[in-house]
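Novice: I'd like to ask some things about the structure below.
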């Protein structure tokens, strides 16, 4: 049965959980389909994650390969296809715990960067798993700065081949997934040399293992990069190349080609490479970043109404820890953030879709804005959600620290999202570069992309709020965010110009402003997030109950941001100290209001117990029983103490014998 | 040889690294002794941590027991004793990676809470390892709130025994170290019942395993609590008791006793229990919190002068990443914090020593202040240092995420320090309760303990700084911290009073102020830290070079705190927006200054390569070579892909066969 302390939370929901779930899914029919996919996967023991927290890296890897192989079979059985509506739910159903993700990137990179002929040759082989692909870009010595890659591909005109080498240790490919022990082929990014001249980084298809016995091909050294904070299931590998020859046809040549006589030809816009990266950044936000935060909130909030500790009032029963203001302050802002970023993800998807439509018409005008937004939002959302998951973990105290809570693995995995697909600081700086450019353009009266038109608008000097209720008006707080973003962008632009005018070289001046440029980029993305949340709430007019609670969450997200970044709002007096006290009062009031719906709000995310894989977060709230039962399954409880015969017994007995 | 990019950093040190090391150690003779102890431990392969990152929980546990048993032998050989000057260096030398730490707490609890007779009986047995002890306080259902513990000890007058029970699942002991598979005895905290009346929580010595064959004693269920984020080497266990009988003499009875007829007698002050907790909180700051941050800074800063990525200036060589302002902003504030908290730890130790002298004279007056400070500082320092280690990890990008960097294990371990020995939020609230009390006392003219006398002083209304250089004056910034602490304490006290006067019940009013009370407690501890750092620098007048760089670090620590908590300083206009710009300018200037000495400043911490156990942080800076070599040792590289025969081969070959 359900723990009564959890059951009672569900009886007082101010809205229909099922309706909210359906709305989040984009309609009840999507909810049905999602549940059917999840059910089909979870009822199959092949996909079980039951013993995951006890497994070694080798065991996790083997299980991930097993699941990938069986998924292929399952999809065939169920009639699911990669392009079908079910596919997006499969990844959720397996919680990303599966191999061959890089095989998919291998396929995508050939589809995007390969010629029709290359596509015709390689895609069928890859799709039918006649080979296993990987994607070898990052090196030991270079990650984000791709121009610095050191792997070389020298064109040999006599044999019509490229000779690939990793000429020094730092040139070794390092981190590529599916590569250490699985892949037979990979796309290698290398500096192209023709007649001694370097043409920059290009992609080459290289076979690394025998299709017959999986032995390494001549000139190839490859293996696993060793233990990581998470991703034990992913086969991250290293790769060294020593005079490895591939035919001229193996350079992906949709956009550039080396002709038989060594002539280098470039076709089309190199900007399209941006677009691939942009795709990946946007696609990871939902599955790898927002979903883990939603799971963490579900676990921590359910636990916080089951856990009773200390007394609010002497003589009473011990209180649910979620009734403490400090616990609400830990868990409810991340909950609001999970909703905020879920909605921003929709906004980015729409922006992406319209940009993609334009690109198909050969119009690349939206690319800079899309690149700037996807970079900044990738950085903001990964940082915010990572911090939120950490807060959820810590808010569960010692039990959160147990792997059995599910929180440590959510946390150590999401932490990587701040690093991969572009290090966050560098991404913020790319957004900042765009913002500074737009700000300069605005000051000379040029037109601006839609997301930054606000940089040109005239704003009031002071926040007009007169009491704490005024701060529950989306216009009031959205305007405050906008004002702050403009101020940070304009003051940094001014500092940059001052430095340059005072004789500091441009690149030095830029470096001296980067701490503030990052702040400005964050403020911009934060503003768009708040604005988008408020607009999303407005559109909910036909669903009164849901609109009301979403409005509270939107207010909370916005006011929490002002409360916890008070300095940037107070700096020029746009918000006064007295107004900041109103913000604080309204913010703290909202905590108490939203607390009442906290459990329904996480129930609406509709995660199954198997998907949460948490002793603390299950729907029935039987946390202590489950912690105890799960601990019994640990390999540490399968035998007598492994130290007893060797160390403990001699220690205790030697001493005993001396008596 | 040393990587030239690292070697060059050492040639330009503005001070003598060896002198700074000696000063940090408290004199060159301490440095010599420390190095001798570390050398003696590290040269013995029994204590090797070489394969630690590849080991399972069972292997880590077994290794920790092995080391503990051999340490006993080693200490005997070397003539080291637990009370000798070498002892404090041993823990550093083994990096805490050792068993029987709770055995030591077992001994300490009997020494503090046991009668002379009990001490005479148990301490020799424990010291000679004729038993292995543990300390069973925390339960599945209760951690911080000890009054809520559910284990019972009922006095049976007929047999003169206590009957111990864990009557429900939440009463099960959970987390105690050395208990799951090692201990033969433990101190169990249980609610004492005599003739049906509850006398609260008391400690009882209980044997849980046979001294002959290590089997569990009748009525005992015990085992391992399963996998955790770290502490695989610690034998955290669970314990259930079912009608377990211990003689009356097994209740630790220095301060209270049950007489044969069931009469309950209390002796002395129960406050002394506080003092034990205080001891533990203070003693963990150095070893478990500040040292890991120092190690993380050493690793990340050395790596950041070896890693080159992208170009500051077109056409130049790629830049060391530490030359980027954003990287300095990540790593130098944590470095300054490591020094700041190292010095605060000295301050707390002195406070502790004088309080202890007073206690020995039966004067308990210093206890409330010591308890408040040790609680708040434990919370502030663990939170700050945990966040610093995380920043170091992320600042190393993908390589920081590899376990081989050493950073993940430092991080996952220090993260626990925010939870154990008192959850941080609750500790801050204890400090806040003390501060509010003192503030009220000050307003009625009563005298205050030394650390809070500032609450009674009259302060200027505005910060007098006129330019950015003024903010390099310790008086200016210390005063700003003091002002802010007073403001936060007084405004929260006022809110509390307003609520109570408006009719809100006292405990509700307190709960409604807790978010702000936590802020106030942090501000107080932050202020003391800055003040103590400034005073420490002042005393360095005879060591000019060191004083100069320590002054820079002190300034950086202080200004970083203002910059990153700008809101609380701007709130009432004590610091204006224009002054905040000066703070920012001075802060950013300091980053560039301290960057030059960054490597010497971490070299001075004097960690050996074995102690750092990091592929990125070694003294010679050969990071890429070492990452590659260490990865070879991973069990993932010891065999053909464990998935090949079972899954990959059938996948590839089945498909091949269909061709």
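Every residue, even glycine, has its Cβ placed from backbone N, Cα and C.
Bear in mind that TrEMBL entries carry predicted annotations, made automatically and left uncurated.
This is the feature table in TrEMBL:
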ACT_SITE  A:421  active site, proton acceptor
BINDING   A:138, A:177  FAD binding site
DOMAIN    A:16-132  domain 'Acyl-coenzyme A oxidase N-terminal'
DOMAIN    A:274-436  domain 'Acyl-CoA oxidase C-alpha1'
DOMAIN    A:474-652  domain 'Acyl-CoA oxidase C-terminal'
Novice: For the binding-site residues A:138, A:177, work out the Cβ neighbour count at 10 Å and name the residue with the minimum.
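Specialist: Counting other Cβ atoms within 10 Å of each of the binding-site residues A:138, A:177, the minimum falls on A:138.
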Novice: Just to be sure I understand, if DSSP states are collapsed into helix, strand and coil, how many residues of the domain 'Acyl-coenzyme A oxidase N-terminal' (A:16-132) fall in each?
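Specialist: For that range the per-state counts are 85 helix, 0 strand, 32 coil.
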Novice: How many neighbouring Cβ atoms, not counting its own, are there within 10 Å of the Cβ of the residue listed as 'active site, proton acceptor'?
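Specialist: Looking across every protein chain shown, the total is 20.
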Novice: Between residue A:177 (FAD binding site) and residue A:421 (active site, proton acceptor), what C-alpha distance do you get in Å?
Specialist: 13
Novice: Give me the CA-CA distance between residue A:421 (active site, proton acceptor) and residue A:138 (FAD binding site), in Å, as a whole number.
Specialist: 10
Novice: With 8 Å as the upper Cβ-Cβ limit, not reached, which of the recorded positions A:138, A:177, A:421 neighbour chain B?
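Specialist: Out of A:138, A:177, A:421, A:138 lie under 8 Å of chain B.
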Novice: Could you give the mean pLDDT over the domain 'Acyl-CoA oxidase C-terminal' (A:474-652), rounded to a whole number?
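Specialist: Residues in the domain 'Acyl-CoA oxidase C-terminal' (A:474-652) carry a mean pLDDT of 97 in this prediction.
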